[in-house]
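These notes concern the structure reproduced below.
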Amino acid sequence: MVGEEMLIAVTGTPGVGKTTVAKLLAEKLGYEYVDLRRFVLERGIGELKYDELEVEVDELAYHVERELKGKRAVLDGHLSHLMPVDLVIVLRAHPKLIGKRLTARGYSREKVGENVEAELVDVILVEALDEHENVIEVDTTGKRPEEVVEEILDLIRSGVKKRVGVVDWSEVYDEIIPYLRLGGE
Ligand SMILES: Nc1ncnc2c1ncn2[C@@H]1O[C@H](COP(=O)(O)OP(=O)(O)OP(=O)(O)O)[C@@H](O)[C@H]1O
């Protein structure tokens, strides 16, 4: 698995650590690192609106297919699991970590809540499983980026193509109530 050409997507809720892990994973594998946001803007196939990337997913997939298929590359971005890749790494983190990081980044309470809730109910994992068979889910909570990447490399090296169901945040619901958009808030 590691030897052959492979497109690997690193996806997950904003603030989960995609960029941090994708860069390190690409380096360890000797793969090209592709930041999808930059990929889109450089090709003029999308635009930034209030820091949100607006892009036609099918058009992005077409460009990824045409330019990257058959290459050794790690795609970083919250749309990467919707691309024609060979393996999807879904990063997870305790929703309160997402809340803390996005609040520190200056996101509005609304946007923080939206992303904390998405992490709570496994939105990206479900989307990835809708699109791909080869999905590896990794809980990054309490792990250094190096440890997360080692865990991913061990799984890839041992030929694991699918490993999901590693987190269930419903047990920590009451810890994250402060970040949730409850009721009409
Ligand atoms: N394993 C980790 N342990 C501690 N902090 C981490 C870890 N991974 C990422 N971080 C920190 O969390 C923050 C978000 O990381 P990063 O930007 O990689 O997330 P992201 O998922 O790419 O976010 P976005 O989707 O908004 O680009 C950064 O401050 C980063 O340093």
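Cβ from N, Cα, C; glycine included.
Unlike curated records, TrEMBL annotations are generated automatically.
Checking the ranges 35-55, 56-76 against TrEMBL, the region 'NMP' annotation falls on 35-55. Going through Lys28, Lys143 against TrEMBL, the one listed in the ATP site together with Gly15, Gly17, Lys18, Thr19, Thr20, Arg105 turns out to be Lys143. By the rule that a residue counts when its Cβ sits under 6 Å from some atom of ligand 1, the binding-site residues Gly15, Thr19, Arg105 yield Gly15, Thr19. For Lys143 (ATP binding site), the same-chain residues that are 6 or more apart in sequence and have a Cβ closer than 8 Å to its Cβ are Glu151.
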